[in-house]
Structures are given as C-alpha cells and as structure tokens.
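If you look up TrEMBL, you'll see 44-123 marked as domain 'Ribosomal protein/NADH dehydrogenase'.
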C-alpha cells in the first residue's frame, strides 16, 4: 500500500497550477496537448499486470509525469481478474471529448512505457482511412455531364 502513497505524492505535486503568462496561455505558437487525463489501471494480484507494476515503480514513470505537466496522471487499482488498461481522456473537440483505451496485458515495462507514450502523444482523433476517399466538391464539374439526349442527332 505504501507504493500507492508514493504515487499520490508524485502525481498530485505535478498537478499544481501556476499563473499563466502571455507566452503560454493561448498565444501564437503555444502548443497544448489534446490529452487532459491519463488513467492507468492495474491489478495487484493478476500476472498480466506484472509489467505495468514494474513500470509504475520505475523512475521512468515519474519522469514521464514531470515531462507532461499539463496532463493529469492517475493510477488506479482494478479488480483481481481485470487486465491492466491505459485510458486517455482527450480535450473536447467539435461535439464532445474523446476517449482511447489501450490494453497493457502481458507487456513488459518497456512495452508498457511505449504504449503509455502512444496514448499521451496521440491526438485522440479517430483513425481515418486514406484509401478510396470520395472526392467532394462545392463546384459543378467544368465539363458538365454528357447525355445522349442532348447530343446532335445522327443521320443514317
């Protein structure tokens, strides 16, 4: 149980806010991550969570939390029979905020770090297929549409 208290101290300390300056608060050139909150759920007893537990106890997790101070990192315990899961909550876009779940089952600590970085650094948008996208235009085609009814009659 003491390791959870240690996480709480690390993560809650990184959530402190400071007054915004003109250079960081929406100014031109300022970049804000779309991710607002990352929840890592793991089981203390399930064998599939061993890599996740090793990653959470490593200093790499604390370094990741300090690298992204605008993201709230939450560590939560799941039930005994649940696999570990990383859930990213992204900023509200057009309609509502997005959510991305990534399974961390049976991964070692390095693979867990890669998956967590994938969730943190992604935009949260749906994956769009670039193949066979239909072309949509606001303007009618320059050549028009051919119809045999409007063509010159042929004399036979």
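Just so you know, glycine gets a Cβ as well, placed from its N, Cα and C.
Predicted-model confidence for the domain 'Ribosomal protein/NADH dehydrogenase' (44-123) is 90, expressed as mean pLDDT. Assigned with DSSP, the residues of the domain 'Ribosomal protein/NADH dehydrogenase' (44-123) fall into helix, strand and coil as follows: 33 helix, 21 strand, 26 coil.
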